[in-house]
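Asker: So TrEMBL lists the following for this protein:
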type	residues	note
TRANSMEM	239-261	transmembrane segment
TRANSMEM	303-329	transmembrane segment
TRANSMEM	335-355	transmembrane segment
TRANSMEM	376-396	transmembrane segment
TRANSMEM	408-431	transmembrane segment
TRANSMEM	452-485	transmembrane segment
TRANSMEM	491-519	transmembrane segment
TRANSMEM	531-550	transmembrane segment
TRANSMEM	562-590	transmembrane segment
Amino acid sequence: GDPLKVKVNKLTSIKTQLPYSYYSLPFCPPKKIVDSAENLGEVLRGDRIENSPYVFKMREPQMCSVLCRITLDAKAAKQFQEKIDDEYRVNMILDNLPLVVPIRRLDQGSPTVYQLGYHVGLKGQYTGSKEEKFFIHNHLAFTVKYHRDPQTDSARIVGFEVKPYSIKHEYEGKWSENTRLTTCDPHTKHTVVNSNTPQEVEANKEIIFTYDVEYQESDVKWASRWDAYLLMSDDQIHWFSIVNSLMIVLFLSGMVAMIMLRTLYRDISKYNELETQEEAQEETGWKLVHGDVFRPPSNSDLLCVYVGTGIQFLGMVLVTMIFAVFGFLSPSNRGGLMTAMLLLWVFMGIFAGYASSRLYKMFKGTEWKKISLKTACLFPGIVFAIFFVLNALIWGQKSSGAVPFGTMFALVVMWFGISVPLVFVGGYIGLKKPAIEDPVKTNKIPRQIPEQAWYMNPIFSILIGGILPFGAVFIELFFILTSIWLNQFYYIFGFLFLVFIILLITCAEITIVLCYFQLCSEDYLWWWRSYLTSGSSALYLFLYATFYFFTKLEITKLVSGMLYFGYMLIASYAFFVLTGTIGFYACFWFTRLIYSSVKID
């Protein structure tokens, strides 16, 4: 008999990607609409959780409870029709569980599929007429599943399902608070079981909203009540993709190891023998450029900034994933993932400052404050600018997905109040460390680079380098995109962690191999090229996102398309910084290793 509070969340649509708050449509409001407190992640996702007029009492079934009766004016009818046309779904929450619509598959053996939220309504024609009408789901048959504790006889909620119906309710006489409906009456055992006489959405029509609540005892324990929500996709695909990627990676690693060991071992031993045979003047390959390999590149400041940002990003992703693998960021903690990532990004600023100023000092730079400032502002600034434009677009659509001004201000405060100072702290620590020494001396005069073969052309080799890292992640990418854009839960963080490790290894290996070939053909400009080689996988990521947009999503609105590409641009940019940094550090370690192991006069 305890009261259960049903809350309403945003209206969502796969077609438009623009969430709206529940009461933006003229549904039955409670006496006073109270907004639940949302965390940062929820606000950024567009969750707007409010109270609702539904009154449930634990284990006391209700039939045909009338919620309210409204008469639509032209404007309200048009709003409903637009939302029905865009296939909007209503999301509700009971005891932190989202509302689902169970859909039984036709074949008996397969499990029930759950869809989050029920459709506001549907489109259809009457038999014999061509005209499309809009019908609203105005009768909801809720099922609350509970798990009973045999000792205390108290129960916990483990499921919240609904079957929506559209029915034109009828009643006799004038409408008052106690009017009994003839179409749905518990006294005559007349209940709603189908939508055969649906309720149209048109101006000046009255709609009566009703609901049933039934309670079912369930064997599902409270601790595992989320399992039904999460068992939506097939695990086999993931295992298949991981095994597939691992095969590629093992094959790559084997090849890399063989090339490296044989060539390097042979080269180094041969070079050291050459010294004794007085044939040093005939040497070829990577050893010739030893006097130029560690010459600082052009735009070295920018490289420092990007490497610092990449370290910040790498730290954030790693820690987030470790948290997620241990189950701290499960989907039941709405917005937890987003909040965690933002906070981690801010606190990882100290590593960004440290990495960029260490590299800057190695390049004999003196203005460490300038570098720290650039590191603190370049990447977040670009992302914030794109985000701001997208937010203005969403705001123009009056959607709840628009980040309110207060939250925007909080983000800026986090950026300038915590992140920027931390970058400077890191920069200062990096400055105080002794500079990294080069293993070989750099010549005063740069040597000329011989003409390169067509396949060693920088653009060609950079584009080739991005294919393998992208190939290692693209199946998992499909699931991530689906969970973001098709409103499903993403929870397979164990798989994601494996894929991420595979990505790191692939990026490092491909960059090392291409860097070695480059040095062998006496081209010593490896600094930027190592960053861009693995970073170019971001280009393939964006191309794949474009392909996904046209094949999987049914987005028709211009604003929604701009949103999609804006967010995918931010994601690709972040991916570029992350993979580029991995490639750069792999190459940095590799060149120092090979040049320090050779005797040089």
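Heads up, the Cβ atoms here are built off N, Cα and C, so glycines get one too.
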Asker: Do the transmembrane segment (531-550) and the transmembrane segment (408-431) share at least 3 Cβ pairs under 8 Å, sequence separation 6 or more?
Answerer: no
Asker: When you check the transmembrane segment (239-261) against the transmembrane segment (452-485), do you get at least 3 Cβ pairs under 8 Å, counting only pairs 6 or more apart in sequence?
Answerer: yes
Asker: I'm a bit unsure how to read this: which one of 303-329, 335-355, 376-396, 562-590 has the highest number of Cβ pairs shorter than 8 Å with the transmembrane segment (408-431)?
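Answerer: Most contacts with the transmembrane segment (408-431): 335-355.
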Asker: Taking residues 6+ outside the transmembrane segment (491-519), which of them lie with a CB under 8 Å of any CB in it?
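Answerer: Hits for the transmembrane segment (491-519): 230, 238, 241-242, 245-246, 248-249, 252-253, 255-256, 259-260, 263, 285-286, 289, 293, 317-318, 321-322, 324-325, 329-331, 456, 461, 464-465, 468-469, 472-473, 476, 479-480, 526, 529-530, 533-534, 537, 579, 582-587, 590-591.
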Asker: With a Cβ cut-off under 8 Å, give me the same-chain residues at least six positions beyond the ends of the transmembrane segment (376-396) that come close to it.
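Answerer: For the transmembrane segment (376-396), the nonlocal Cβ contacts are 18, 305-306, 309, 312, 349, 352-353, 402-403, 408, 411-412, 415, 419-420, 423-424, 559, 562-563, 566-567, 569-570, 573-574, 577.
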Asker: Where, among 335-355, 452-485, 562-590, do we find the most CB pairs under 8 A to the transmembrane segment (303-329)?
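Answerer: Against the transmembrane segment (303-329), the leading stretch is 335-355.
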Asker: Do any residues, 6 or more residues outside the transmembrane segment (335-355), come within under 8 Å Cβ-to-Cβ of it, and if so which ones?
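Answerer: Answer is 38-45, 47, 307-309, 311-313, 315-316, 319-320, 323-324, 328-329, 372, 375-376, 411, 414-415, 418-430.
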